[in-house]
């Protein structure tokens, strides 16, 4: 036994007490608030007051448990979700907390594990936000709660909802659409008592699970099964059902809530020592899937219900990283346009999600978080009750009256049904989880087997589907040969070939492919591969500028030597007596905007650019745009092309710095939000129509025609105009991008390409 001096023992005792019982003073000084654009109560950027200064929280390691602690500390019943990447705008001041890791039961965010106050490697573009459920609790304030208050709040916590399939057909269904409702409360799953269970409750549950609507269900058979299990001596149901911690009861939803946690409910029994669900059983819910998740996809469309046709505004999502998310666009007055984020909230976002065949909204995003649109802004100050079947039924103002700009375009993230698609594909051999050889799980001779995909005909559309299926965003590269990536030993066999995707499928298994596998290259190093990225550019042509700048020029051959060398003239120019004569050129200016969330960069590095001596510049992309003149039935009568003479930021909006310039062999590209302009007087900025007879035509421009560089949306890369030529003058009118009026131009181009390559 070691004896210590009395003074030393006192010091050690004090140190031990300090270590065992951490001070609560620091926790008591910490306050929270929600910042960012004005929105519904309970959601915003998370801000912390420490040492008299407000600061933010970094999204690194931030998760649902941390959001739950923050929402309780703010005085709300629970958390619905959390947001990353400064969804509610970038904050100011210090970033007080980083790598926050909570268990979920802490009384304050300061009690969670973190790097230390003010110790962070983040920037304000990584500010975390939260979406809290319900109203503030009585007498609550956005400060650290006491332990007693914490227990009171914990009694109302609802974390997740799921359906437990009961019948055999429901167990085999994917997604699970029918079963007993179970809720996760304090880390444990509970049944929900069916006493006074309403269809409104079912509507909210189905929305959370990614389904637009619920279906009426006869529970008589389920009641018989329940009673049979209660009488079965080998079943533990009777014992479990008599325990109060088995039930959640008295759920009372209005049907418009985006989350079950926003519905009044009880967890503790109404009367102490009384059965929580007397004479009841578990609540049963049956949901209706949206069109994308129905068998025989595309054949059955969910009816919009009894809605006035004039109030059904078609909606779509653009530029989302994952399925079920994106910038909200509506078709109004015959043209697609965006929605301003003034008063944009979960109720309006949920109407959009359900209208598209998804569930309720997980997030209502503001500040153009999914990129800026181009064209009209149709709606502002949208106010929905949550019961509407279409966004057109909600109250709104014309955006022209509100002064909105595209920096305020609204976006959504929707609840999606769990399809387990992610487990059916994987990437192998890459340097990181975002790249590798594509391996798929498919039935082979009656059993599921992993295998590779034939690299022949593999392109960006197919790669896009794989990246989306894995939850990795967009494809940046599609590889037909994977020499440097070793696939898995158990997936060496080629099990899929001739894959052709539209790019919108949710899984590679939904794409067209060969019946019997046919891969002459034999797979191996000729297997398909992908590289994925969270963000991608999106190029869109300014159609109005083309319409305003088009004109004819008879240009002498003596001025066209360089253009002829770069194949910018029709073939008949080869037979002319150079330099005598001229060519008739349809000239115009083009302005190409990058509306995506990543810079548009050439696929090739500077070392691989091609030097053209005649024009004395480098081509970073050999064919950047295609120009075509078509007859009204689609036959091509004249064509042109534009190499990337110089991809640069010609102009950027106020507040954005030009980053790409071609001078002095500089870096080429188009920054996010900026545009590249090719003036009408630049060589090859034309179509040679010398041999075209007078008549009515369609003028077409395709940007990035060979999909050399990945984009988040290829449907807006085509621009078309109506063109009338009388032999001396030309009129261009009705110019629009291919998706501006719902025209299915990309599909038309795809069909022609398939015919040309005998791929029908």
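The backbone N, Cα and C atoms fix where each Cβ goes, glycine too.
What TrEMBL lists as signal peptide is 1-25.
Annotation source TrEMBL lists domain 'SRCR' at 32-133 (among others). The helix, strand and coil residue counts that DSSP assigns across the domain 'SRCR' (32-133) are 17 helix, 35 strand, 50 coil.
Taking a C-beta cut-off of under 8 Å and a sequence gap of six or more, residue 122 (disulfide bond) has these contacts in its own chain: 58, 59, 60, 95, 98. The disulfide bond feature in TrEMBL is assigned to 58-122 (among others).
Take the CB of residue 132 (disulfide bond) and look out to 10 A: across all protein chains shown you find 28 other CB atoms. Annotated disulfide bond per TrEMBL: 71-132 (among others), in sequence order.
If you take the C-beta of residue 102 (disulfide bond) and look for same-chain residues 6 or more apart in sequence within under 8 angstroms, you find 63, 65, 66, 68, 69, 109, 111, 112, 113. Positions annotated as disulfide bond by TrEMBL: 102-112 (among others).
What TrEMBL lists as domain 'SRCR' is 161-288 (among others). Here the domain 'SRCR' (161-288) has, by DSSP, the following mix of helix, strand and coil residues: 38 helix, 31 strand, 59 coil.
The local packing around residue 263 (disulfide bond), expressed as other Cβ atoms within 10 Å of its Cβ over all shown chains, amounts to 20. Annotation comment: TrEMBL describes 253-263 (among others) as disulfide bond.
The domain 'SRCR' annotation in TrEMBL covers 315-415 (among others). Confidence across the domain 'SRCR' (315-415), taken as the mean pLDDT and rounded to a whole number, stands at 88.
Annotated disulfide bond per TrEMBL: 340-404 (among others), in sequence order.
Of all the Cβ atoms in the protein chains shown, 28 others lie within 10 Å of the Cβ of residue 414 (disulfide bond). Residues or ranges marked as disulfide bond in TrEMBL: 353-414 (among others).
Look at TrEMBL and you will find 384-394 (among others) tagged as disulfide bond. Of all the Cβ atoms in the protein chains shown, 23 others lie within 10 Å of the Cβ of residue 384 (disulfide bond).
Taken from TrEMBL, the feature domain 'SRCR' applies to 425-533 (among others).
Positions annotated as disulfide bond by TrEMBL: 501-511 (among others). Residues within less than 8 Å, Cβ to Cβ, of residue 501 (disulfide bond) and separated from it by at least 6 positions along the same chain comprise 461, 462, 464, 465, 508, 511, 512.
Minimal Cβ crowding within 10 Å, among the disulfide-bonded residues 58, 71, 353, 511, is found at 511.
Taking the Cβ of residue 404 (disulfide bond) as reference, residues of its chain lying under 8 Å away and at least six apart in sequence are, in sequence order, 340, 341, 342, 377, 380. In sequence order, the disulfide-bonded residues near residue 71 (disulfide bond) (Cα within 10 Å of its Cα) amount to none of 253, 353, 384, 394, 414.
Summarised by DSSP class, the composition of the domain 'SRCR' (425-533) is 19 helix, 40 strand, 50 coil.
Cβ neighbours within 10 Å of residue 340 (disulfide bond), excluding its own Cβ and spanning all shown chains: 26. Taking all protein chains in view, 21 other C-beta atoms sit within 10 angstroms of the C-beta of residue 394 (disulfide bond). Of the candidate disulfide-bonded residues, 132, 263, 353, 414, the one lying closest to residue 394 (disulfide bond) when CA atoms are compared is 353. Sequence-distant neighbours of residue 253 (disulfide bond) (same chain, 6+ apart, CB under 8 A from its CB) are 198, 200, 201, 203, 204, 260, 262, 263. Cα of residue 353 (disulfide bond) to Cα of residue 132 (disulfide bond): a span of 19 Å. For the pair formed by residue 132 (disulfide bond) and residue 384 (disulfide bond), distance between Cα atoms is given as 19 Å, rounded to the nearest Å.
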